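Here's the structure, in C-alpha cells; my notes come after.
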C-alpha cells in the first residue's frame, strides 16, 4: 500500500516532548516512509488541520480524511498496511519493576531543581520541569487506574501540579502514587494481567497499556534528566541502559 502513496498524503501530527509522537516519527523513518511533519504546538495551521480531521490529541497519522491515533504502534502498522512487527512486551512483573525504578528516579530528579528552574519552560514546548515530573507520575497513576475501571482519557494527560508546589511537593506526591502502585501490584490476582481496559483509543489488553505506561514514563524520566543536564546539574543516580532494556523508548530524548 505504501508504495502507492505520495509523501504529501501521509501526515504525522505531533508536538515537541511527546513520547508517542517521537516514537511514531522514528518508526516511520525506520520504515522508509515519507511523511509531512506537522507540529501542532508551534504551528497554528497544523492545529487547524488536526481539528478538521476531528482529532483532539496527538500523535495522529493521517491519509486524506482518514486517521489513526498512534499510542499503539500496532495501530500505525495496521493503518498503513505495513508488513512488519514490533518487539514483544516484557512480562508484566518486569514492567512493574521498571516502573518502580523509574518512579524513584523521577522523585530524586525533581528534588534537584532550584525553584526558578522548576517553573521555566523547556525548549520548543510550553512544559516546565515541574509539569513534566508531575506528568510522569500521572502517567503511572492513570495506567494503574485503567486497571481499576477508570477509563484512560487524553484530557487527563494535561493535568498540572498546583502552582505553589515545590520540587519536594511533587516528589512526595509521586512517592504516594508509588506506594499505591506497590499495593495495587501486591493485590493483583492475575499476574499475567490478562484482561482489557478502556482507553481513549479503544478497548485494549491491559498488558499493552502497562507496557505503554512503562516506556512512556521512562521517556519522560529521561527528559527530566535532560532538563537537569541543560542546567548543568548531574542527575542523582542517572538511569542506566539496564533500567531501560526491553522498553521501546525512542532513540532520541527530545525532538531535534
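Placement of Cβ uses the backbone N, Cα and C atoms for every residue, glycine included.
Note: TrEMBL annotation is automatic and uncurated.
Listed features, source TrEMBL:
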type	residues	note
DOMAIN	10-66	domain 'Glutaredoxin'
DOMAIN	107-224	domain 'DinB-like'
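Counting residues per DSSP class in helix, strand and coil order gives 71 helix, 11 strand, 36 coil for the domain 'DinB-like' (107-224). Across the domain 'Glutaredoxin' (10-66), DSSP helix (H, G, I), strand (E, B) and coil residues number 22 helix, 14 strand, 21 coil.
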